[in-house]
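What follows is one structure encoded as structure tokens, with my remarks underneath.
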Amino acid sequence: MECIYGVDLEELCPVCGDNVSGYHYGLLTCESCKGFFKRTVQNNKRYTCAESQECKIDKTQRKRCPFCRFQKCLTVGMRLEAVRADRMRGGRNKFGPMYKRDRALKQQKKTLNRESGVKVESMPPVMSPDQTDYALSNTLPNLTDISTPKNIMLNMPFSNTSAEYEQGLYTTPGCISIGSHSPLQSQYPHQSLPCRTIKSEFPDHYASSSSPGSTGGYTYTYQNHTINSPTPHTGLDLPALVLEIVHCEQDELLVRSKISTHLALLQQNQSSGSNEALSTFAIMCHIADQTLFFIVEWARSCSFFKKLKVGDQMKLLQNCWSELLVLDFISRQVHHDEQDTILLITGQKVGLTSLLTQAGVILGEFVRGAQQLVQSLQKLHLDCREITCFKYLILFNPGGPDFFADTGRGDPRFSQLLLHLRELRVLSTQAEDYLSYKHLNGEVPCNKLLIEMLYAKRACD
């Protein structure tokens, strides 16, 4: 399926770097790569590479090696099932909502550029920690300093009305891309990793690949401090499969910068209109919603997952999205060395005592349960690789925790992790119930991915 929009939005094809002409077979591509992909699939062509299957594909050399070009098309996310076998125009549109949302967002970005006189680049420079804090100091008016300018705590209750929510700007991660920097959703190095946005709009350097064995020397970043990842508790070499899945993890500083930029633009849009300032809860919903976009992006780049049919991918994500979202929050706290604060994905900190005082019964119960799980996982000294494996276990485990009831008998540590998986699922159910309650009260907009996933899951239950 293809959808055309104005080429003045200055997007580049993730396959060859040429200007895009619209959405083709799952993502934004140029006309040349669209036609190449379509011909290859419809004619069932088979190519071979004369070199080492690592040919550079760009605008000037894209026709030199069709094998590597087609592999790159698949790597960046073009979908085989979107090409019609009967050669009729118009594909099987499984990406319609994504197309519509992104077209609207790009037009909003274009309007913002025109009205503000400041160009919002597709790939702006990396935000430094100070720049991020400056943007968020305007975006989160309900957060104040604790001990340093970077230590933030809540001073507003979690109560609000639907009037406090924005109705306009809603930016997905792929629409405001920040340059490459350190790599999981908050903990990895300055490397080029094969990670793509939900619409695969990262530039070519994200499409590069390397041997899974080359990831053994990973360095992880927490709270802007780079540390060497500890040796796994077994002391053995990591299996190739573990290295491969860790290699697909996202750069948390990249995610942090994108979400911070989104919140800054949201605040700018809010202040330029007649809308009231966003409440703390509304801002947290935006953060969670954007985080969920990156979780979907991560899943689509995962080994095995991206080989599934789109329908099967959606069923898995609808089943486990809340658990992955809660795990993202929990894993950040596991490596956060301050017991009296909670670390947000934006790099800011929320005072735990203040949060519990103002949270109310339902949210307070969730926060206390989350802290208990954090402390239990800290005692196990989980490293980033194990957390990544934990994420895969959740993603590919639609049968629930009892599916693995007898699996961990030979490994006490694994058995403990499975017990904590049950706790995580209890927390995710609490989070879903709380979100549903807030939505029924009109405090969460209907056009959020959070709400779409929430009701898609409940419709299947």
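Note that Cβ sites are derived from N, Cα and C of the backbone, with glycine treated the same way.
Remember, TrEMBL labels are computer predictions, not curated facts.
Residue counts for the domain 'Nuclear receptor' (10-85) under DSSP, helix first, then strand, then coil, are 26 helix, 8 strand, 42 coil. The feature domain 'Nuclear receptor' is assigned by TrEMBL to 10-85.
The predicted model assigns the domain 'NR LBD' (237-461) a mean pLDDT of 83. Residues or ranges marked as domain 'NR LBD' by TrEMBL: 237-461.
Sequence-distant neighbours of Ile362 (phospholipid derivative binding site) (same chain, 6+ apart, CB under 8 A from its CB) are Gln430, Asp433, Tyr434, Tyr437. The phospholipid derivative binding site feature in TrEMBL is assigned to Gly360, Val361, Ile362, Leu363, Tyr434, Lys438.
Around the Cβ of Lys438 (phospholipid derivative binding site), the number of neighbouring Cβ atoms within 10 Å comes to 19.
Considering only the binding-site residues Gly360, Val361, Leu363, Tyr434, the Cβ with the fewest other Cβ atoms within 10 Å is that of Val361.
DSSP assigns Tyr434 (phospholipid derivative binding site) to a helix in the three-state reduction.
Per the record's binding annotation for phospholipid derivative, residues Gly360, Val361, Ile362, Leu363, Tyr434, Lys438 show a top Cα-Cα distance of 13 Å.
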